[in-house]
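If you look up Swiss-Prot, you'll see SER30, ARG31, ARG78, ASP260, ILE261, ALA262, VAL313, GLY314, MET402, SER454, GLY455, ILE456, SER457 marked as NADP(+) binding site, on the strength of sequence analysis. Sequence annotations record features per position, and here Swiss-Prot assigns domain 'CBS 1' to 99-162. Residues or ranges marked as domain 'CBS 2' by Swiss-Prot: 164-223. Under the heading K(+) binding site, Swiss-Prot lists GLY314, GLY316, CYS319, ARG322. Per Swiss-Prot, the feature active site, thioimidate intermediate maps to CYS319; the stated evidence is sequence analysis. Taken from Swiss-Prot, the feature active site, proton donor/acceptor covers THR321. Residues or ranges marked as GMP binding site by Swiss-Prot on the basis of sequence analysis: ASP352, GLY353, GLY354, GLY375, ASN376, GLY401, MET402, ALA403.
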Amino acid sequence: MAALGSLPTLPEGLTYDDVLLIPQRSPVRSRKAVNTSTRLSRNIHLKIPIVASNMDTVCEDKTAVTMAREGGIGILHRFCSIEEQCAMVRKVKRAQSFLIEDPRMILPSATKAEALEELNWSGRKGGVSCLMVVDDLTSRRLCGVLTKSDLTFATGSALVETLMTPVSRMVVSTNTAITLEEAREVMRTKRTKNIPLLGPKGELLYLITRSDILKLTGNLNATLDSRGRLIVGAAIGVKKEDHERAAALVDAGADVLVVDIAHGHSDLCIDMVKALKVNPLTNKVDIIAGNIATAEAAQDLIDAGADGLKIGVGPGSICITRLVAGSGVPQLSSVMDCARVAKKHGVPCIADGGIKTAGDICKAIAAGADTVMLGNMLAGTDEAPGRVLVKDGKKVKIIRGMAGFGANISKAEREQRLDEDVFHDLVPEGVEGSVPCKGPLAPILKQLVGGLRSGISYCGSHSIADMQQRARFVRMSGAGLRESGSHDISKL
């Protein structure tokens, strides 16, 4: 400890507004030639380095679907029941798929009314286009197919078996290794909209639909799993019940789990990562852990088995950890320190929080982050959860921190432990606010990626990896920051 009256030599912490990237000679002739692909974790690759934050006002299934279609990924928040979070995972997986593992099924003895209810299933926008008719929901032996058009002139009491197209007249396949191109060719030559894939006993295994093939072939940027489904992540905590949550999420189809607590450099987080990596129910997916702010934390989580790191203690727009607990590290320095350790082990890093502009994304990635996690910038979009409110004559949506008062009270109420002690004991490290309604998410992502492409080009690079090797920073004064924005005009 320093002697009384003297100050120790303190390290300096920098954030995004303290620096700029120095422009360098560029061989890039077009921004379109810049490669923005990266890794989220050891085994998950993305087309763009943007991750939707696991906040209940930012990322549920709608946000996650758009994120994956645009080349990124969404992390589903955990401030809901296990069943609700798993249902969101399944919705993302069904939104765009080559092989549908659980097609909607119905029995031959069902009525028209029951069939209509199944066709209008709420798990997919607009319902489903057809139902697979099976003899039994357990054995799943295919009997036929029922479409909406089959019901057009049917009476209310008509049975499915009298309305369906029998299996003898259907195009089916037993080739469970069929490729996307092969399926498209079968549909073209046989003029069919659906191909059920059957097992040796005629049991229904998968379903391929024309609409899903068109979605896949029409979007080359989407991040997909090995079965052609959109990828999605899910957040968990470190409590006893989170072991059950983790196993259920993996079973539902989550591609990655994010152990997400405010102070990730803790025995609770480290022990959770270790447990997930040895549990056969969860160790088949990558595990990301955080949040952290130091090189020591990065090393400890990597030693525990983490496949990715989430960096950021207190930089978020709705986070007040640094004010309440006096703890944190300015974000640019955090990213640099953690990434330096992570790179040695081949573990990707997520820069979580403090991103206000596309330029900040460029700085975070140049500093060593492989991806950035966005909350505020994606809140208020059409896909973001929450109702549209009107404030001062303008449409807004709510954004709130997951360590804030409202989120924790909602959690306590859901867990049926809401009493007077909860109100007295809670020390919030997050706040609630509103953001303007911003419209669809996809155009916002395109603008951010366009800025990143420019930033990579200014660094004289063609890719993220190249940028991280070549990037050079310059510190700037407050006057330099003011000069960086628009000035000396009246904005329109």
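Note: Cβ is positioned from N, Cα and C throughout, glycine not excepted.
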For the domain 'CBS 2' (164-223), the number of residues DSSP places in helix, strand and coil: 23 helix, 15 strand, 22 coil
Sparsest-packed of the listed recorded positions (SER30, THR321, SER457) - C-beta count within 10 angstroms: SER30
ILE261 (NADP(+) binding site) versus recorded positions THR321, GLY375, ASN376 - nearest by Cα: THR321
Nonlocal neighbours by CB distance (under 8 Å) for GLY316 (K(+) binding site), same chain, sequence gap 6 or more: ASP352, GLY353, GLY354, GLY375, ASN376, GLY401
Other C-beta atoms that fall within 10 angstroms of the C-beta of ARG322 (K(+) binding site): 15
SER30 (NADP(+) binding site) and CYS319 (K(+) binding site), Cα-Cα, nearest whole angstrom: 38
In sequence order, the recorded positions (GLY314, THR321, ARG322) whose C-alpha falls within 10 A of MET402 (NADP(+) binding site): none
CB contacts for GLY314 (K(+) binding site) [other CB atoms within 10 A, all chains]: 24
GLY314 (K(+) binding site) as reference: those binding-site residues from SER30, ARG78, GLY455, SER457 with C-alpha within 10 Å of it: none
The domain 'CBS 1' (99-162) [mean pLDDT, rounded to integer]: 87
Secondary structure tally of the domain 'CBS 1' (99-162) (DSSP, helix then strand then coil): 15 helix, 17 strand, 32 coil
Residue pair SER30 (NADP(+) binding site), ARG322 (K(+) binding site) - Cα distance, angstrom, rounded: 42
C-alpha spacing of ARG322 (K(+) binding site) relative to SER457 (NADP(+) binding site), in angstrom: 35
